[in-house]
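Everything below concerns the one structure shown next.
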Amino acid sequence: MTRPASAKRRSLLGILAAGTICAAALPYAAVPARADGQGNTGEAIIHADDHPENWLSYGRTYSEQRYSPLDQINRSNVGDLKLLGYYTLDTNRGQEATPLVVDGIMYATTNWSKMEALDAATGKLLWQYDPKVPGNIADKGCCDTVNRGAGYWNGKVFWGTFDGRLVAADAKTGKKVWAVNTIPADASLGKQRSYTVDGAVRVAKGLVLIGNGGAEFGARGFVSAFDAETGKLKWRFYTVPNNKNEPDHAASDNILMNKAYKTWGPKGAWVRQGGGGTVWDSLVYDPVSDLIYLAVGNGSPWNYKYRSEGIGSNLFLGSIVALKPETGEYVWHFQATPMDQWDYTSVQQIMTLDMPVKGEMRHVIVHAPKNGFFYVLDAKTGEFLSGKNYVYQNWANGLDPLTGRPMYNPDGLYTLNGKFWYGIPGPLGAHNFMAMAYSPKTHLVYIPAHQIPFGYKNQVGGFKPHADSWNVGLDMTKNGLPDTPEARTAYIKDLHGWLLAWDPVKMETVWKIDHKGPWNGGILATGGDLLFQGLANGEFHAYDATNGSDLYKFDAQSGIIAPPMTYSVNGKQYVAVEVGWGGIYPISMGGVGRTSGWTVNHSYIAAFSLDGKAKLPALNNRGFLPVKPPAQYDQKVVDNGYFQYQTYCQTCHGDNGEGAGMLPDLRWAGAIRHQDAFYNVVGRGALTAYGMDRFDTSMTPDEIEAIRQYLIKRANDTYQREVDARKNDKNIPENPTLGINP
């Protein structure tokens with residue numbers, strides 16, 4: 001599975017030499033500050049500012065502020081920044097990872113859980129590791145086969161795989177040291193289990209920490225801690241109760257059995273589905289408080305009424321939970337969204353910092369989860385200190401000033417009142433996995449925020465889970481956007497993306513940047529008073545951290561959702577970012593996922609420096625013309641086809657049958673022209689190796705055929721609109737939205 005440095009890779013379109021990131025390679029020399037000792041690694045992360053040339057952990061330091069003191073690249077010269085080179089990836093899906101740099105070597109995880117080890121100065125491939133994740137696992141996760149990053153400790157690099165494994169490899173050679181399956185064979189996890197691992201690994205006190213995802217399908221969340229040297233499980237903490245209130249023989253037994261179970265009750269869909277509460281992103285160790293913080297996700301199913309019969313707050317959904325690192329013992333929790341029914345996870349970034357609160361310096365957690373509120377908590381005790389919405393939201397009338405609990409808008413409790421609810425934020429949140437940053441120079445938190453509304457409506461007839469599909473307890477035909485000019489125009493006006501400079505003391509926006517649309521990348525803050533961010537429209541920017549002035553722009557030719565990072569080798573500063581459009585927004589939202597532009601996926605790692613001379617090759621593949629669809633379709637089965645499509649296909653191939661630039665747009669797929677060919681792909685799994693699973697156990701042949709007929713109708717409905725959007729003499733789109741506007 002490991003390929004040595006002699007293995008060759010093609011660079012982007014064959015322009016650069018194999019495995020090369022730098023147009024003018026520099027000789028590699030080890031930097032003096034080393035981080036490869038058992039005792040040294042944790043101390044090196046704690047004292048990261050003593051050797052800022054490295055980037056040793058997902059957020060650089062345990063505080064996860066994503067701030068680097070490097071200032072060779074600064075406001076005065078960032079306009080001279082150039083592409084130094086790029087390293088092409090062989091996974092053209094979403095790239096969300098933050099590479100690590102340890103003593104001059106870059107460790108970058110990519111889609112499908114692959115690992116690339118590169119010389120950080122030259123881009124030379126040192127080794128790569130492919131864990132061979134099965135293609136049919138792709139539809140077991142909600143949001144693309146992404147990976148957000150690795151951990152490093154004692155000469156080993158660790159990362160999770162989409163199918164649930166944790167791999168430890170020798171950092172120098174790439175040879176596997178150990179690997180474990182992080183998902184136990186335990187019936188208490190729910191009958192319909194669907195676990196994936198895509199979060200960044202964290203390592204602290206010799207423990208490798210990893211969570212998982214899967215609550216959209218059926219899962220019971222937990223976090224595991226493994227010995228970094230041996231891979232032995234040290235402890236496990238479940239985030240929601242055992243459905244029989246029995247011990248799991250885990251660190252969480254006492255708190256779940258004596259407190260959390262009472263907030264659920266003995267009945268409801270959670271008993272079958274597991275309850276959710278997966279920790280798929282933020283998982284943080286704070287050396288100041290000596291605590292581990294779990295950022296806990298949504299319920300399984302989403303629907304509160306169906307999940308627990310509308311009873312209780314459902315601990316620990318939508319919460320931060322603090323544990324003792326050595327044992328996993330519960331210390332405290334704060335639940336931001338009790339009774340969650342909107343997919344308002346709290347898995348978004350947990351950051352610690354010191355700031356004044358009522359005239360006293362406090363060590364705090366700052367947190368901007370999906371629900372649209374910014375929270376400040378005491379890091380040691382979990383005490384709620386302050387909270388305020390950082391964007392517009394309509395589900396709550398504010399927070400209780402003493403407890404931080406939401407004061408609900410009754411109209412927003414759609415699962416209890418049975419009404420349709422146009423929710424802001426929607427399930428993609430006001431802030432998602434895109435990392436925020438903090439600058440100790442400006443004392444501002446920089447949030448990549450967005451607004452993506454959603455239509456919530458109870459599933460008709462109660463909770464009816466489907467195999468091989470999302471099971472959230474909603475009517476999936478009601479969240480689809482009506483294909484009328486009026487509906488599209490109204491919805492598009494409600495889509496927004498921002499970079500917010502937020503004052504955590506005054507709890508207010510100091511300045512903001514309006515982007516062309518939502519789903520933009522994470523933030524890096526530097527000592528040069530700079531912010532770096534990639535955008536959904538394929539631009540990579542540097543902004544003035546003090547006022548948001550746009551100081552630099554680069555056309556990356558693909559949407560960027562990953563956060564940048566920075567490092568130095570031999571005294572020279574670099575900025576790097578993984579490029580590659582993807583994630584749940586473009587794969588599920590259909591045509592409206594193109595509001596920022598036609599952001600096709602071209603995946604690579606880009607490195608920038610002040611003396612860069614590389615250029616990306618001209619890219620001209622955005623102007624394809626749609627294939628004229630078959631003229632005839634069976635109107636009698638189209639409605640059933642729409643239901644089946646929204647149930648099984650929409651979350652990967654786009655709302656209303658429209659793609660958004662990453663996975664195949666099925667309206668123009670050749671297979672829709674032939675019934676047998678379509679069934680061979682959808683029913684028999686002809687493309688399983690590429691991530692398209694088979695559905696013959698979930699749907700009948702007639703239901704699969706109804707989907708084909710629906711897609712033919714959608715192709716006919718939208719063909720001329722898509723062609724008109726591309727009209728010029730070279731058939732290259734002039735309108736970046738490619739026909740999504742009426």
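Cβ coordinates come from backbone N, Cα and C, glycine included.
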- Task: From the candidates E216, E486, E508, give the one listed by Swiss-Prot for the same Ca(2+) site as N298, D343.
- Result: E216
- Could you pull the disulfide partner of C142 out of C22, C143, going by Swiss-Prot? C143
- Query: What's the CA-CA gap between R148 (pyrroloquinoline quinone binding site) and C142 (disulfide bond) in angstrom, rounded?
  - Reply: 15
- Task: Around the Cβ of C143 (disulfide bond), how many other Cβ atoms lie within 10 Å? Please give the count over every shown protein chain.
- Result: 23
- Query: In whole Å, how far is T278 (pyrroloquinoline quinone binding site) from D343 (active site, proton acceptor) when you measure between their Cα atoms?
  - Reply: 12
- Note on the structure: Whole-Å Cα distance, I584 (pyrroloquinoline quinone binding site) to C142 (disulfide bond), is 7
- Chain-internal residues near N298 (Ca(2+) binding site), provided their CB is under 8 angstroms and they sit 6+ positions away: A215, G276, G277, T278, L317, G318, D340, D343, Y344, T345, P427
- Message: With Cβ-Cβ distance below 8 Å and at least 6 positions apart along the chain, what are the contacts of E96 (pyrroloquinoline quinone binding site)? List them in sequence order.
- Response: V146, N147, R148, D198, F433, I561, A562, E578, G582, G583
- Query: Looking at the recorded positions C142, C143, K370, which has the shortest Cα distance to E216 (Ca(2+) binding site)?
  - Reply: C142
- Message: Quick check: which same-chain residues outside E216, N298, D343 lie with their CB within 8 A of the centre of the Ca(2+) site CB atoms?
- Response: C142, A215, G276, G297, G299, S300, W302, T345, P427, V472
